[in-house]
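Colleague: My structure is below; once you've seen it, I'll send some questions.
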Amino acid sequence: MALKAVCVLKGDGPVHGVIHFEQQQEGGPVVLKGFIEGLTKGDHGFHVHEFGDNTQGCTTAGAHFNPLSKKHGGPKDEERHVGDLGNVTADENGKADVDMKDSVISLSGKHSIIGRTMVVHEKQDDLGKGGNEESTKTGNAGSRLACGVIGIAP
């Protein structure tokens, strides 16, 4: 039976969206589908953060979900945080259609993202290749525009 989750993204500004997650079997890839609106045109960092705490907005979500204590990277890199999902790309209308698959995150087990926070960032994630210390932690993706806790879905 497939595992499903959903995340409603909201921020202090116009950025908002909904992301659906589906994993057909434990240990299998997770498919993410949805949309984010209100963005500036271009790429925006897209990560799962460690905590599901949004009591003070997106700032209390903690760092990227990184249970293996690795450096920041891109979604196809061996060296990456579990929560590193790269970028979403907004069109000239500020909408990013999300349709991706990731084999590192999970909806169950030790790498489960259930109860953690999904965040979309102000800037492009440099995938850990920016040449400075911040790049190896955050990808220089900038401020947190919108976030939401990932919850179990029917």
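Counting starts with 1 at the first residue shown.
Cβ atoms are placed via backbone N, Cα and C, with glycine included.
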Colleague: State the disulphide partner of C58 as given in Swiss-Prot, choosing from C7, C147.
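Modeller: Swiss-Prot annotates a disulfide bond between C58 and C147.
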Colleague: Taking Swiss-Prot at its word that H47, H49, H121 bind Cu cation, choose the one of H64, H72 listed for that site.
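Modeller: Among the candidates, Swiss-Prot records only H64 at this Cu cation site.
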Colleague: When the Cα-Cα distance from H72 (Zn(2+) binding site) is computed for each of the recorded positions H47, H49, S106, K137, which gives the smallest value?
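Modeller: Result for H72 (Zn(2+) binding site): the nearest of the recorded positions is K137.
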Colleague: Which modified residues (A2, K10, S103, S108, K137) fall within 10 Å of H64 (Cu cation binding site) by Cα distance?
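Modeller: The modified residues passing the 10 Å Cα test are K137.
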Colleague: Return the member of K4, H49, S103, S108, K123 nearest to H81 (Zn(2+) binding site) in space, with distance defined Cα to Cα and candidates limited to these recorded positions.
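Modeller: Going through K4, H49, S103, S108, K123 one by one, the closest to H81 (Zn(2+) binding site) is H49.
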